[in-house]
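Trainee: Below are the structure tokens for one structure; questions will follow.
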Amino acid sequence: MFRLNSLSALAELAVGSRWYHGGSQPIQIRRRLMMVAFLGASAVTASTGLLWKRAHAESPPCVDNLKSDIGDKGKNKDEGDVCNHEKKTADLAPHPEEKKKKRSGFRDRKVMEYENRIRAYSTPDKIFRYFATLKVISEPGEAEVFMTPEDFVRSITPNEKQPEHLGLDQYIIKRFDGKKISQEREKFADEGSIFYTLGECGLISFSDYIFLTTVLSTPQRNFEIAFKMFDLNGDGEVDMEEFEQVQSIIRSQTSMGMRHRDRPTTGNTLKSGLCSALTTYFFGADLKGKLTIKNFLEFQRKLQHDVLKLEFERHDPVDGRITERQFGGMLLAYSGVQSKKLTAMQRQLKKHFKEGKGLTFQEVENFFTFLKNINDVDTALSFYHMAGASLDKVTMQQVARTVAKVELSDHVCDVVFALFDCDGNGELSNKEFVSIMKQRLMRGLEKPKDMGFTRLMQAMWKCAQETAWDFALPKQ
């Protein structure tokens, strides 16, 4: 009897021991899983604000409602601004050739903020549908949406407001008339412009829009490497099929290409190959020609020149010159600098050039040619910095001559230093200058077209998958 009681007591003791030691591990596992769940919930909560901003860029079908609501609120303020502005201009009595300064009211600022969010976070399909202004109806009755070259520049330039009564899926309707279209060809693009090669009137289709943004957002070196990879016989030329492969690979690496999804409902599908006008331009009428990297890079250079020319003309130059503040605005357009600092930099520029002589297009183009070599410029400026030399205006002009083979005028250097000489000692803040100029060179097209929420969730999911077994297995 005593033996049976002892055995039962030992058995119960063993069961209790197993329950105690076995139950402590699940408790620890549950604590770890609860900690992971808490961190995940915190990350989702922190991302809610980002999603809210994203929703503003995606949800409104057009800006008509926004314009009407904001117009009522800002009507009185706008009228006051206009009245005050008219009084000031009447008192100052400016020169007849001078343009009146156009002040943006509360309503315009809110609309431009909304349009900037569209440029930054929307899909290529929505960007194209919002900033395109023409819908051409063909003789069979089929309709296709087109951009003008000015629309294209506006779609990639921050703070450029879309014309009134034109917005998402709101267009000027034109019926196709071959004779009239041919007569109006020079209305949208000059004969020497690269846009003239795009077909009727120099208009830009959705496929052309994706192709042009790809060309603008891809460095020259990337195209050189891609051409060499598909040049199997080493003659430096590619045929049409090989070029389509080059284009597809390059496009898949850009932010526009990664965000694009074909949308048959809107008609914005990425057609295989290029438009007929571009294929003829690159490969001849029979499409059996060869395209060299030299000819393609010349096409890229002309495109950059024409886009820069359109940007210059948008500032309404007087006697072929734009003001120093307008040039500074071109440099800072894609900087991403906070509004307060941006305002301070513009005020500093206005202080230095109250009665400036302005800048010609040749001076502006020389500086942007200098920017095309910004990586080499960064290296050269770093060498000067390590050698203890000051980065003054003479140094910048020397770097431009050595690296980019262009001459920067003294006046251009004065404007650049007025913007980036923070402490006023006559020396350039090269780190900030180089970082902002790299963004300006790519026109903001290299930035991801999202708020980063998707990438955050993908990283969290990958981390959870890799660490799940570590939480589940007991510690040794």
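Backbone N, Cα and C define each Cβ position, glycine as well.
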Trainee: According to Swiss-Prot, which residue out of R32, R455 bears the annotation asymmetric dimethylarginine?
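Mentor: Out of R32, R455, Swiss-Prot attaches the asymmetric dimethylarginine annotation to R455.
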Trainee: Need the matching range: Swiss-Prot marks region 'K/R-ring' on one of 159-163, 259-263, 264-268, and I'd like to know which.
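Mentor: Going through 159-163, 259-263, 264-268 one by one, Swiss-Prot flags 259-263 as region 'K/R-ring'.
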Trainee: D235, E242: which of these binding-site residues has the highest Cβ count within 10 Å of its own Cβ?
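Mentor: Within the set of binding-site residues, the most crowded position is E242.
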Trainee: What does DSSP assign N233 (Ca(2+) 1 binding site), in three states?
Mentor: coil
Trainee: Report the nearest neighbour of E242 (Ca(2+) 1 binding site) in space among the binding-site residues D421, E427, E432, comparing Cα positions.
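Mentor: Nearest in space to E242 (Ca(2+) 1 binding site), counting only the binding-site residues, is E432.
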Trainee: Cα-Cα separation of N425 (Ca(2+) 2 binding site) and D235 (Ca(2+) 1 binding site), in Å?
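Mentor: Taking the Cα atoms only, N425 (Ca(2+) 2 binding site) lies 53 Å from D235 (Ca(2+) 1 binding site).
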Trainee: Counting all other Cβ atoms within 10 Å across every protein chain shown, which of the binding-site residues D231, D421, E432 scores highest?
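Mentor: Neighbour-count leader: D421.
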Trainee: Mind tallying the domain 'EF-hand 2' (408-443) by DSSP state, helix then strand then coil?
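Mentor: When I sort the residues of the domain 'EF-hand 2' (408-443) into the three classes, I find 24 helix, 0 strand, 12 coil.
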Trainee: Validating a neighbour-count step here. Other CB atoms within 10 A of the CB of N425 (Ca(2+) 2 binding site): how many?
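Mentor: The answer is 9.
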Trainee: Please report how many Å separate the Cα atom of D231 (Ca(2+) 1 binding site) from that of E427 (Ca(2+) 2 binding site), as a whole number.
Mentor: 46
